[in-house]
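Novice: Here it is, the structure, as structure tokens.
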Amino acid sequence: MRKRAPHMADDYAFPKGELMRGKKGLVMGVANHNSIAWGIASQLAAQGAEMAFTYQGEELERRVRPLAESIGVKTMIPCDVTDDASMDAAFAEIEKAFGTIDFVVHSVAFANKNELKGSFVDNTTREGFLLAMNISAFSFVDVAKRASKLMPNGGSLITMTYLGSERTIPNYNTMGVAKAALEASTRYIARDLGPKGIRCNAISAGAMRTLALAGIAGGRGMIAQGRAFSAMKEDTSMEGVAGCALWLASDLGKSTTGEVVHVDAGFHMMGMPDAEEA
Ligand code: NAD
């Protein structure tokens, strides 16, 4: 029997506690109950964080609102990261709601479906390349600029990436290039904002069953391969990804910045499959 997908925070085995008590922040990129942003937000809420959500557009609100309300999120703001006016309005509302913030989780990416399959060389267009870069990489720089103005006491910026930035993964194509830019941006942001006490890190998660993965040709195969060729021979868990985000968002993450942390059951460091798998 298929395991029921978690719909509410309580369905995950998230540790409860006080690590985020008194901290306020923004989570960008909850689309539904499978979203990585939702798992992370649930974990941060279980540790006492106060949060605002941004979501891509009105049509997602129906799915996102009940999730947000289930963990006490009162501020929900539609926000398209490609639209300056929308970003201006979103950050104005966050400032109005919270004054200052302590963390941002940026869990946003997009590339055209027809560029996430087949030949990278043949299928990549100028428009598609720039769109993927704009939504999946530049938006984090833009978020860092805006969020840092609301972080007078320091803070933590976290983004989500994937191994396709470092190694070639079939069909990941344009998104791999955008993730490479996102990871480099993470380091430059960390350098710029470090003196202000603002840390900036990326979590490189293994393949997980979400809407974004469904857009990649053979996405389910990425999960199976990720499991089969991982050191631990298991799927990447939401608990593991959200736990990493908790470490980085809380004071436990002090002194860690400019880092890309792999949470993928050890898939990233395997040089060759085991002999019997080859
Ligand atoms: P998801 O589809 O649930 O989340 C992607 C989010 O990006 C959605 O909420 C979507 O609304 C948002 N988005 C896209 N375009 C936007 C725009 N113009 N403005 C504002 N928001 C926009 O899927 P997910 O897998 O949870 O993805 C979250 C992040 O995790 C992405 O950066 C993704 O690349 C990364 N990631 C995913 C996996 C995986 O296997 N699912 C692995 C590693 C990293």
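Cβ coordinates come from backbone N, Cα and C, glycine included.
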Novice: Please pick, from Q56, Q225, the residue that TrEMBL records in the NAD(+) site together with G29, S35, I36, D80, V81, V108, K179.
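Specialist: Among Q56, Q225, only Q56 appears alongside G29, S35, I36, D80, V81, V108, K179 as NAD(+)-binding in TrEMBL.
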Novice: What is the separation, in Å, between the Cα atoms of A111 (substrate binding site) and Q56 (NAD(+) binding site)?
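Specialist: If we compare the Cα positions of A111 (substrate binding site) and Q56 (NAD(+) binding site), the gap is 15 Å.
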Novice: Should we count any of the recorded positions Q56, D80, V108, A111, Y162, K179 as near ligand 1, judged by a CB under 6 A from one of its atoms, and which?
Specialist: Q56, D80, V108, Y162
Novice: To the nearest Å, how far is the Cα of S35 (NAD(+) binding site) from the Cα of Y162 (active site, proton acceptor)?
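Specialist: S35 (NAD(+) binding site) and Y162 (active site, proton acceptor) have their Cα atoms 15 Å apart.
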Novice: List nothing but the largest Cα to Cα distance in Å, as a whole number, among the residues G29, S35, I36, Q56, D80, V81, V108, K179 that the record says bind NAD(+).
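Specialist: Across G29, S35, I36, Q56, D80, V81, V108, K179, the two farthest Cα atoms sit 20 Å apart.
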